[in-house]
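Asker: Pulled these features from Swiss-Prot for this protein:
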type	residues	note
MOD_RES	1	N-acetylmethionine
REGION	1-67	region 'Disordered'
COMPBIAS	18-35	compositional bias 'Pro residues'
COMPBIAS	36-46	compositional bias 'Low complexity'
COMPBIAS	47-60	compositional bias 'Basic and acidic residues'
MOD_RES	59	phosphoserine
REGION	333-423	region 'Disordered'
COMPBIAS	333-343	compositional bias 'Low complexity'
MOD_RES	335	phosphoserine
MOD_RES	339	phosphoserine
COMPBIAS	356-377	compositional bias 'Basic and acidic residues'
COMPBIAS	378-391	compositional bias 'Acidic residues'
MOD_RES	788	phosphoserine
REGION	796-837	region 'Required for STRIPAK core complex formation'
């Protein structure tokens with residue numbers, strides 16, 4: 001599903017649902033033209049099957065997978081984030097960097113190592129290297145850049161352990177930052193972006209390799225190491241380093257680079273790459289640097305939570321009912337649904353013992369808090385019209401409570417393990433209270449009072465109690481307040497006064513993104529599509545492997561296997577970076593102003609982001625999360641400190657010993673959160689989830705036993721349940737119970753049934769059009785000063801300043817000046833005393 005090249009995507013009009021997408025491609029990604037064949041394809045038949053089997057070890061057909069000890073955070077561990085910057089193909093360049101540094105260093109210092117010099121000598125040599133970046137000869141400049149990269153990599157040739165390398169990295173990078181290296185690198189990067197000769201040469205080449213992006217890769221490596229290291233706070237950091245960190249963050253988010261924040265330059269590189277004008281750009285490094293730049297300037301998720309609490313207090317709203325990060329961390333994963341083979345066995349048992357099966361079904365329906373998915377019938381492909389034979393003629397569980405025997409008493413020990421209470425405090429919107437009161441008034445009194453939520457005259461006592469409970473759990477979001485304030489500005493532009501827009505980093509970034517935001521979103525989604533494991537190689541798809549393919553293709557099976565792992569790892573890192581960038585931007589824009597968030601979200605929807613994410617999840621997700629596409633002995637800094645052992649096919653197949661791949665689980669959670677943000681309270685987009693048959697895809701993702709991932713899957717299933725029909729709900733009672741357990745409740749939200757007014761099939765196109773009109777009015781009012789209404793512009797009423805202004809009069813007026821003077825001045829009486837008072 002290609003991201004759209006422009007206008008709105010296929011929304012549902014007048015309840016005419018578009019046809020579902022064609023069957024998804026197989027879950028094995030084919031590399032673009034010029035890429036190496038998958039490693040397994042070069043092996044003999046039995047060996048290839050064994051290799052593929054090991055790659056998918058313990059990921060198919062096992063409902064009882066172990067709990068994943070995964071803690072969601074802004075980033076992975078520092079060492080892991082550093083190692084993912086380099087592809088394994090770049091390995092030989094570490095020694096090249098060292099050689100360039102030592103050749104230059106020995107000219108100036110003959111008797112000492114870098115680690116033996118004092119701070120002043122370090123600073124002197126760093127400034128000498130910086131001066132070397134200003135030479136015009138490209139080869140000399142590249143050698144100096146490599147020497148600086150070696151310093152930023154921790155001068156590993158003089159270190160004996162990984163910890164020592166990381167310690168010297170921090171010291172060296174703050175030293176480089178102090179002497180002004182980053183700004184010099186930005187200028188060089190700008191020059192390389194505009195290097196027309198390199199771009200035209202790359203466009204003409206049939207196959208682009210690592211050598212075409214050497215200059216860019218060296219610059220981006222240094223900049224990434226600086227941003228990533230300065231952003232990370234460590235115990236034992238010097239006091240001046242904290243000051244430098246704050247200054248660097250402020251500069252990085254300010255419009256200091258071509259009057260734009262640095263992130264806009266990187267977004268420009270992404271769009272230039274996707275347009276085909278610069279196919280040699282090393283996109284993985286650009287996206288990683290873009291992610292870390294956005295993270296450094298805007299702040300991570302914990303910082304976002306504190307900013308949200310602060311903003312609520314400024315707007316006079318009550319504090320948040322709970323810290324969502326802490327609640328999610330304390331949640332436990334539920335058992336995943338049974339596999340298809342388990343379902344067949346269950347159906348056979350039901351055929352033999354139908355009566356007992358019904359009793360067991362009822363017992364388990366009573367909100368089993370320990371294993372809400374246990375014995376859930378999760379077939380691989382579920383449709384609305386599926387008929388489960390064991391449920392034919394069966395009444396709904398709640399309707400047969402009188403007939404069925406009471407639930408069996410569980411032992412007391414079992415009860416002790418059950419979580420007490422629900423994890424989230426319920427919420428109610430002002431709109432929900434209004435709707436409840438309106439329906440109650442029309443039912444009991446026969447009148448309505450609009451948006452009045454206080455008058456309860458004539459309503460029965462139970463209704464009073466209900467309203468009291470609803471108001472106790474009333475939650476007003478920052479977005480609602482911002483939307484109301486925007487309506488007020490548009491309704492009364494004069495009395496409202498001038499809006500004071502605080503220039504926080506998110507505001508500065510949005511102003512930079514605004515002119516080309518649709519193009520940026522389309523470009524990111526194009527790269528995400530190319531990197532997704534379910535994508536097939538197409539002749540017109542972009543080649544994202546320019547910075548991983550060597551100049552000479554591998555000639556042995558072992559080299560092919562190594563390159564196959566490298567290519568898969570490369571794609572996984574790209575997915576990780578894009579998912580993190582999109583989620584960070586959505587969350588920060590929503591906090592800064594709701595219409596900034598809606599503008600970005602709407603363009604993601606128009607570019608087919610929803611079906612793209614569903615296509616990503618339409619694979620064996622356990623296989624993706626447990627994939628072992630890494631070679632730990634080749635990871636930095638291990639590879640520069642220790643002697644490399646001889647690689648064998650067995651060691652490559654074994655991969656690492658981790659239970660799961662951190663970056664892949666992180667990417668999956670991010671994509672689910674993005675999907676949740678795009679569809680929340682948007683019925684037209686929720687219908688897209690239904691039309692694209694997302695329910696079975698999402699249910700398969702519940703097999704991953706990780707609480708946070710399960711929570712966001714259940715949220716996405718919850719918004720659809722009212723549209724999926726009675727049969728789906730009957731067949732998935734365990735999933736319904738899990739939603740009740742783990743997802744926040746909205747009082748009066750009839751999510752489990754189709755009775756809600758919002759669930760009825762309206763013209764959903766109108767909903768998107770109204771939202772788009774609000775967004776355009778907001779952008780025009782706040783940012784489009786050139787087209788603002790002249791009647792509402794401020795007027796200078798001071799006589800002296802007005803008379804002192806120089807006015808350029810048109811020629812025809814000057815020629816007829818006497819006539820104007822006679823008509824407008826001399827023939828009209830003027831009370832000069834009143835005028836001058």
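Quick reminder: no glycine exception, Cβ is built from N, Cα and C everywhere.
Keep in mind that this is a model prediction, so the values were computed, not measured.
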Asker: Average the per-residue pLDDT over the region 'Required for STRIPAK core complex formation' (796-837) and send me the rounded value.
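Answerer: The predicted confidence over the region 'Required for STRIPAK core complex formation' (796-837), as a mean pLDDT, is 80.
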Asker: Count the residues of the region 'Required for STRIPAK core complex formation' (796-837) that DSSP assigns to helix (H, G, I), to strand (E, B) and to coil, and report the three numbers in that order.
Answerer: 26 helix, 0 strand, 16 coil
Asker: Does DSSP put residue 335 (phosphoserine) in a helix, in a strand, or in coil?
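Answerer: Once the DSSP labels are grouped into three classes, residue 335 (phosphoserine) ends up as coil.
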Asker: By a simple count, how many Cβ atoms lie within 10 Å of the Cβ of residue 335 (phosphoserine), its own Cβ left out?
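Answerer: For residue 335 (phosphoserine), the count of other Cβ atoms within 10 Å is 21.
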